[in-house]
Amino acid sequence: MVRMTPSAARRAVPADRTVRRTRPPVTAAVLTTLLTVLLTALPAMLPGTLPGATARADGRGDPGAAGHRTAGGAGAEADGARAAGTAGTRAPKRAGAIVSLTFDDGDATHPAVARMLERHGMRGTFYVNTGTVGHELKLTRRGLAAIARAGHEIGGHTLTHLRLPELSVAEQRAQICDDRRKLVAWGYRPATLAYPFGSVDARAEAAARRCGYDAARDVGGLREFSCPACPAAETLPPRDRHAIRTASSAGPDTPLRRLKQQVFDAEKSGGVLPLVFHRVCEDCGDYSVSPKLLEDFLGWLATRGSHGTAVRPLGEAVGARYRPLPRGE
Ligand SMILES: [Zn+2]
């Protein structure tokens, strides 16, 4: 969308109206078509001569996604302009979405999950409780290192997975800052946090900020059976980057079609769809999904690239930056 100064807008509107009134509609249509063809062909004819224009329209804040349109940002405006240029016809392509696959609790099954993602050319986000690393059924330091080495995002999930709103300020600081400090000491650069149980209030958000997290993930708030009127995807930039919305966590009863539907809906609205998983194993608890379900979903998700949909770690999707822990925290 081109923004004009008020005076430019005042000049432009009558001129546009005059053209429409005085020229026969056929001439206007021919001119529009010629202009559209020219604008479409120009970048292809002159490769590399318009890098700023194409890069900004296609992947602002998403350097790894060449050609992918971030629907909530500049890409949506480009689509809008194209739709407007075709005078009332529908936009030929859907906006597409960014899907972020997030895995909570530093589970022992996660190194295998990470490899599964890698086989599909995808990278996810793994939220770890440093206080339980090395415990039974949890990640080991070595497992965590292997996940990070492969290019996945490592984020904080607090020391021991308590409900943050029930804690004092000092306890919140210990849970969030000390966990983050430990991740940094282990060589990671955590930029995003996931609140345990998706349990968050204004105090917990303030604590996340104070500990240097540039963004944080909630659980819930997006469209699902219990909230048909909720948005299908988080906006880009997020409405509140320290309370990024998701659909509810996937579990043993989650059918493949629900995951697909969430992606379809997000593709229509644009934005980022963070999906929340925990353990990935057969019949192993309330918050587990089977390896087959995840494999089938990833195989299908990989085909959505042709619809403008890309898979990115959550921090990358929302442009979260690593910041050192503030002094005194
Ligand atoms: Zn958790």
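Just so you know, glycine gets a Cβ as well, placed from its N, Cα and C.
Taking TrEMBL as the reference, the stretch among 53-91, 248-286 described by the feature region 'Disordered' is residues 53-91.
Mean predicted confidence for the domain 'NodB homology' (97-329): the pLDDT average there is 97.
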